[in-house]
Amino acid sequence: MIHDPNDAGLPDQLPTPSSEAENSPAGDTTPPEEALHRRRIRSFVTRAGRVSTGQRRAMDELGPRFVVPFAPQQPDWNSVFGREAPRVLEIGFGMGATTAEIASHRPDEDFLGVEVHEPGVGALLKLMGEQNLSNIRIIQHDAVEVLEQMIAPDSLDGVHIFFPDPWHKARHHKRRLIQPKFVALLVSRLKPGAYLHCATDWQNYAEQMLEVLGAEPSLKNTADGYAPRPEYRPVTKFERRGLRLGHGVWDLVFRKRGAG
């Protein structure tokens, strides 16, 4: 989910995942495999949000066509999109403005957006209706489970992860999305030669991203460190505000080894 970089206190208001031993009830008989699945890092933290009338209308009218229900099986994505085309996954599209803009400028590619928060889903559907975009599909579910169960290995042409929650406090860094195990899962779904593009406005997170992505043997950095912002990624309103305040933004673009 795209965060507001100026809302630095927000993570402290969020519920803490019950992954610590003291949060487990006495005598818990949960099987070890199930308990491990329950405790692992998820790609999101639940936030409340109000769905506007326009967003709700878009969900009612366009959701049946463009929202793909989560299912523990791999759909025929060519049938879902109605064609065979390069496919890009975006994890955490926030309110969808960036997703819609990129999709509008790349009509020959298909975009699969994963977002758990309902207002964001409604907002993107509303933009799709206003701009007559048909090359986007949405899954409202945890990205980890989507990758594991709905995306085939070596099938994606690109992945976008723009401004994920930075979990700015050191004790919360373990909750960050870009971790070695998640990156390994992500890379397994990329085609050889496909790209992974991450962006963040937190320098500490950018440094962690660079370290984690650089340590993944299947990835190669396209730049000497951080990459210039690719032209296809628009500057967000939060980014503009941050830049006016002197804040930095870091883009990282890696490719999966093995092409050609």
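Backbone N, Cα and C define each Cβ position, glycine as well.
Feature list (source: Swiss-Prot):
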REGION    1-37  region 'Disordered'
BINDING   GLU90, GLU115, ASP142, ASP165  S-adenosyl-L-methionine binding site
ACT_SITE  ASP165  active site
BINDING   LYS169, ASP201, THR236, LYS237, PHE238, GLU239  substrate binding site
Notebook entry, point to check: Does DSSP give GLU90 (S-adenosyl-L-methionine binding site) helix, strand or coil?
Noted result: strand
Check: Within 10 Å of the Cβ of LYS169 (substrate binding site), how many other Cβ atoms are there?
Finding: 11
Checklist line | Other C-beta atoms that fall within 10 angstroms of the C-beta of PHE238 (substrate binding site) | finding: 19
Checklist line | C-beta crowding around GLU115 (S-adenosyl-L-methionine binding site), within 10 angstroms | finding: 27
Note to self: Applying a 10 Å Cβ distance cut-off over all chains shown, what neighbour count does GLU239 (substrate binding site) have?
What the structure shows: 21
Check: If you count Cβ atoms within 10 Å of each one, which of the binding-site residues ASP142, ASP165, ASP201, LYS237 comes out on top?
Finding: ASP165
